[in-house]
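Report on the following structure.
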């Protein structure tokens, strides 16, 4: 019985630390701290996150000379540091792998720095796909 409880506990803790693909309503709830920050509405953020990563907190995109991480696809040349790019400017002062978990606190802090420095156009999906007709990005459950 004790080994079953231990195994169950390990399974629960393992699951709790894993990154995940979030739902629209989970993203909507998690991003409340970004509401209207930099003049960007919450539905705009939900749309941008969807078109940037598909709500996947583990999303990694390798480019020719850089890599983008997490829900917001934060780049390792400027915003975070990893082994691939040890000379990053690391403006957010964080390891890129911190953007690959389901705790979005550090992601949101870095997103605010990106907004302050370069604005919402850092995310190409925003202008093309998320600047109008935003009703579909609301969460009806809340």
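For all residues, glycine too, the Cβ spot is worked out from N, Cα and C.
Record features (Swiss-Prot):
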- 25-139: disulfide bond (DISULFID)
- 47-130: disulfide bond (DISULFID)
- 80-96: disulfide bond (DISULFID)
- 92-110: disulfide bond (DISULFID)
- 20-142: domain 'C-type lysozyme' (DOMAIN)
- 64: N-linked glycosylation site (CARBOHYD)
- 93: N-linked glycosylation site (CARBOHYD)
- 1-19: signal peptide (SIGNAL)
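Taking only the Cα positions, the spacing between residue 139 (disulfide bond) and residue 64 (N-linked glycosylation site) is 36 angstrom. Its Cβ placed at the centre, residue 80 (disulfide bond) has 27 other Cβ atoms within 10 Å. Using a 10 angstroms CA-CA radius around residue 93 (N-linked glycosylation site), the recorded positions that qualify from 47, 64, 80, 130 are 80. On the backbone, the CA of residue 80 (disulfide bond) and the CA of residue 92 (disulfide bond) stand 6 Å apart. Cβ-based neighbour count (10 Å, all protein chains) for residue 130 (disulfide bond) stands at 24.
For residue 25 (disulfide bond), the count of additional Cβ atoms within 10 Å of its Cβ stands at 14 [all protein chains shown]. Ranking the disulfide-bonded residues 47, 92, 96, 130 by Cα distance from residue 64 (N-linked glycosylation site) puts 96 first. A separation of roughly 11 Å, to the nearest angstrom, links the Cα atoms of residue 25 (disulfide bond) and residue 47 (disulfide bond).
Broken down with DSSP, the domain 'C-type lysozyme' (20-142) shows 56 helix, 12 strand, 55 coil. Looking at residue 47 (disulfide bond) and residue 92 (disulfide bond), their Cα atoms lie 23 Å from each other. On its own chain, residue 110 (disulfide bond) has 72, 74, 79, 80, 92, 94, 99 as residues at least 6 apart in sequence with a Cβ closer than 8 Å to its own Cβ.
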